[in-house]
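A quick write-up on the structure given underneath.
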Amino acid sequence: MEKVDVKESAVGREMRIRKQWNEQNIFEQSIQNREGAQSFVFYEGPPTANGLPHVGHALGRTIKDLVARYKTMAGYKVLRKAGWDTHGLPVELGVEKQLGISGKHEIEEYGIEPFIQKCKESVFTYEKQWREFTESIGYWVDMDDPYVTLKNPYIESVWHILGTIHEKGLLYKGHRVSPYCPSCQTSLSSHEVAQGYKTVKDLSATVKFKVKDSENEYFLGWTTTPWTLPANVALAVHPNMEYVKAKQESHVYIVAKERVQEVLKENYEVLSVHKGEELLNTSYTAPFPMKEVTNGYRVIAADFVTGDSGTGLVHIAPAYGEDDYRVVQSEGLSFLHVVDEKGEYTEAVPFLKGKFVKDCDVDIVRYLAKEGLLYHKEKYEHSYPHCWRCDSPLLYYAGESWLIRTTAIKDTFLQNNDSVTWYPDHMKHGRFGKFLENMVDWNISRNRYWGTPLNVWECESCDHQFAPKSIAELRKHSTKETPEDLELHKPYVDEVQVCCGKCGGTMNRTPEVIDVWFDSGSMPFAQYHYPFENKELFEEQFPADVIAEGIDQTRGWFYSLLAVSALYTGKVPYKRVLSLGHVLDEEGQKMSKSKGNALDPVDLVDKFGADALRWALLVDSAPWNAKRFSERTVLEAKSKFVDTLVNVYSFYVLYANLDEYNPKETYDVKLTKLDEWVLSRLHSTTKKVRTALDDYQFTNAAREIAALVDEVSNWYVRRSRNRFWESGMNAEKAAAYETLHEVLVTISKLIAPFTPFVAEDIHLNLEGSSVHLADYPVVNESLLQPKLEAEMDAVLQVVELGRSNRNQHSLKVKQPLAELVLLEHNENDMDWESYRDIVMDELNVKAFHVELDETKYTSYQLKLNFKTAGPKFGKNVNAVNGWLKQLSQEEVQNFVSTGRAVYEATPEGEVVVTGEDVLVEKVAKSGFSNTTNGQYTVMLDTNVTEELLQEGVAREFIRAVQEYRKQLNLPVNLRVDIILDTEEELQRTLTNHKDLLEENLLVKQFTFGHLTNEDDELSLGETKLRIKLSAAN
């Protein structure tokens, strides 16, 4: 075995392992070795390479890698194809910034073709950094053959899907109100909108709409979007709600009966009550009469009007509201559009022309006040949608879009979701299920440039539509020969014209590109160029057994995968979804570069190593919970887990090499109870870890492993050290080596999916082969000893209580004590005699015994709980307290047993004192200290005799010399001679314990003499001494 370099950094170790993986193609071998095995399928959600990875990506990649490695070691064939999401507005915006241009007009001036070329160049800006990050974190995924959404084969598969949807009559062109980003100048789909809501404070206005031909009657309408008022064409009421005409000062206001108090507040008189239907068709004067409307400015009925907020009357602007548009269409009213594609007012609103509408709320309100049409204004906090790409507030615009009729197969969506297992499970019928319940048709088209072109050609003459499902089909119907290397992007596909199969006219492609979420949602099919190639491979890799991404993908990739698959095949594309929570900063705030609280995962890997980062992300909390995260979290993972394991591994290799122990040879072994215990713990942990991993409970699995490693290090190895230090190779020493070897090799396999680098380092050195080509450990039931584990757990509890007891009384473990008494509070069949020596050695006591009668070592004190007793006993409270203090121990014990006592000396007669009135304190017998956990109480005799004190000094001396040996970097098995220069009293103490010193310090000769200032000095409490240490002859 190679010597373990304990000074090697985590990053150094990981770089060395990565080099070995690359040189020996371990990743490729891990897949090839499972050829012919059952497939386990997972899909890689494609990141964009025009932005750098963040800590959330580290979590996602860690989870996906863990699952893939575990399933591979469990016997499955797991293909891992990387992917890149390369289209969309983020790319366009980045290129615009790079070119110093802004908006569609300037893009077209620059030229579509050169702009598209720039987009292609920019999408892999950070590919090198992504590859390095992916490899450095240990995520095994095939980045040499990724699917790329901009490539022709991928787009052709997307076209096949869209062509099939069109063939089914589910893709249509419609006029409707859609969410629109004025900054990006394109519409968005409902699932995109759902990703960008923010809580904001906007100016709201209650507006006076003057009833036509009346002197002083007004409808009151309330709006949180005053900018839409210039486009008002109607007011809506609910026909079945009651409305009042109420006089306030010289005006009469019409408002919903249930809102009148909230709106008018005071000093009003209700004149009459009317059903909403009585108000229908009442005309009013437009508040902004700047553009003629032929049919409008009257009251209409709408079932979406409620009395929950506002005035019970809704201002209707059909160009900017979905409900508004629908009701105006059904009423046949006029349509008024006063905003351009940049979100700025047109000449229809002359005094605000060219201004961004969301900046004009104050201007609108001022205008209304000036015209005497403002009843009330106030700031209103509400949730408002913002663009998920550029963060601009969205507007709702009426216009033509291409839509997919998802609502037509809503039942399929819901049934497919019912078959999926969600982690966490509340997502299924909660956040995701409710989104499906309320979904609308998918707005698939985008009026942009860099994206998959929508493959619909329309006839100039007869409006016939043609949606080719392949390049070959497009070529077949093209009016002229198309290039062999036709690129499926704008402007190249726009140059292809098709002959109309219906009238023989010319067909041109509709100019839009598609929603990028449709691109990524098509990846199960398009990654293999299905159905044009790889049919068998596709069928083997569909559906996914699991997908895992951040919770923000609930209405993103999770939805688009489900939707595309349902529309195309009717089938569900995945069996399980792991919806990962956000990684937050220490204060629970979302990380962002602008706030300065973002952690760079690359920096964390460079500083602490990928194993530590992965472990920190996994052991902290379940991955679907939002987690507070910091550098300290990673540092703790490194020190408490990774470094602890490396120290155990280093210890084993060091002593095995010294003893020339070879695990492949056969030795006479005699397993101790400690060996049997650790093997049982190893296999019971294996059982729990496999169960947890099979149920995707990664944190539970990690915590089981962490507990095992801690016990191996701080209990098994520490309790076995003397066996490793013995000279020669007896049966018990061989058993210790054999046991620790099995423990380390098995742990390396258990942790391989979690911390792949340190796992590989251990397994490679101990077994000579890659752990990632090994099978995952299987429990050996014959080694399980639950009774032994329970007994050792009891011992560990007692030892922990003893240490806690010593800490509380400032008694170092090196200081021997006379006695430990164990009080058991629950009867069990624990054989404490078998563990006597362990407890005495661990807690450094000279005697140990178990006592069932705790009254021999403890007594109770009763104090009145004034918080509860004060109100109960009133003026008698002090008398009752005094009475409690003078009770005999027998009376106190009786109260503790029964929880009841009667005090009869009050003027009012007897008083009943119960358990809730009293604080019970357990007091140790004089000379003893006690610590309890409810199950056990540990009593320590704290009287330190002179003899015990001297032994404590000798043990402190041993500790100091052992530290000194470490500083000198002496081999652990080197026998030494020691010369000591110190005061006579310490000489006597050390001489009296010479055997103890020689046993623990590998001392051959121990003498006292005069040393010079050139020799080293040690501190032993207040005492200074000089020491000379040399190799023994």
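One-based numbering along the chain as shown.
Glycine is no exception: its Cβ is also placed from the backbone N, Cα and C atoms.
Long-range contacts of the motif ''HIGH' region' (47-57) within its own chain (CB-CB distance under 8 A, at least 6 residues past either end) are made by residues 84-86, 88, 90-91, 94, 122-127, 129-130, 133, 550, 580, 582-583, 591, 598-602, 604, 629. Summarising the annotation, Swiss-Prot assigns motif ''HIGH' region' to 47-57.
Positions annotated as motif ''KMSKS' region' by Swiss-Prot: 590-594. Taken together, the residues in the motif ''KMSKS' region' (590-594) have a mean pLDDT of 77 on the 0 to 100 scale.
For LYS593, the entry in Swiss-Prot reads ATP binding site. A 10 Å cutoff on Cβ-Cβ distances gives LYS593 (ATP binding site) a total of 10 other Cβ atoms nearby, all chains included.
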Please classify the secondary structure at LYS593 (ATP binding site) using three-state DSSP. coil
